[in-house]
Ligand code: DGL
């Protein structure tokens, strides 16, 4: 197989990385893609560094065995805990979400930014370090949103208390924040509700930043600079989604919502 037509591999603890996949598909519709979601083990945000390294190494290995030309970590929590180790361990280019989100944040936020993320990502302080490297005086408020990712993975709309829960997180945003950074790839999947609750709480953030778009641009830039873009535009591109979920119907329902009309093949795998 010609290296250019090999797939781009994206992985996440579940289907949050689909937000990154969607941007990649918009930007590079001719590429082939393999997505891996470890839905059985979600959430990673409450796990230890050791556990996340073990699980994400298995996903990376799986995607490398599927012949991917590049890996994209579509997860902030995996990036915060394991990206350096995965880069050392595997001989394949790896692009992650956090450095791209921070670059975007440093372009846009000047004085005050609030960040919503998982427990692991907040405690790792990776966003604090990276944003302050370029702007040491910026005020950063981090909010641990423990419940959001599992609720989004379990049909957000079905939770009657979803606005109450979202409100409890959003009210902790510093009212002087000029930007809000959604530092979990699941959160943009409920963007409309986030905007609604921001408005109700009179949090006038000028801009909501999230990593999917800048990450997709960074993947394209890397592939272009290394002559790795897929030049075979005659054959229709292919998207295969692997999941460790043991609930086929639920997985399909979520994917149909998150991927709109995109065609995909769905495979169930066991990583144990
Ligand atoms: N999408 C993942 C992230 O960006 C969710 C983490 C989790 O599984 O808790 O952090």
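For all residues, glycine too, the Cβ spot is worked out from N, Cα and C.
Annotation source TrEMBL lists substrate binding site at 12, 13, 44, 45, 76, 77, 185, 186. The number of other Cβ atoms within 10 Å of the Cβ belonging to residue 12 (substrate binding site), over all protein chains shown, comes to 31. DSSP assigns residue 12 (substrate binding site) to a strand in the three-state reduction.
Long-range Cβ proximity for residue 75 (active site, proton donor/acceptor), meaning a same-chain Cβ under 8 A and a gap of 6 or more residues, is found for 11, 12, 13, 16, 17, 44, 56, 97, 185. According to TrEMBL, the active site, proton donor/acceptor annotation covers 75 (among others).
The C-beta environment of residue 184 (active site, proton donor/acceptor), restricted to residues of the same chain at least 6 apart in sequence and closer than 8 Å, consists of 16, 45, 76, 77, 116, 117, 118, 121, 145, 148, 149. In the three-state DSSP scheme, residue 184 (active site, proton donor/acceptor) falls into the coil class. Among the features that TrEMBL reports, active site, proton donor/acceptor is placed at 184 (among others).
Its Cβ placed at the centre, residue 77 (substrate binding site) has 31 other Cβ atoms within 10 Å. Taking the centre of the Cβ atoms of 12, 13, 44, 45, 76, 77, 185, 186 as the substrate site, the nearby residues of that chain (Cβ within 8 Å, site residues left out) are 14, 16, 17, 42, 43, 75, 78, 118, 121, 149, 184. Residue 185 (substrate binding site) is surrounded by 33 other CB atoms, counting those within 10 A of its CB over all protein chains shown.
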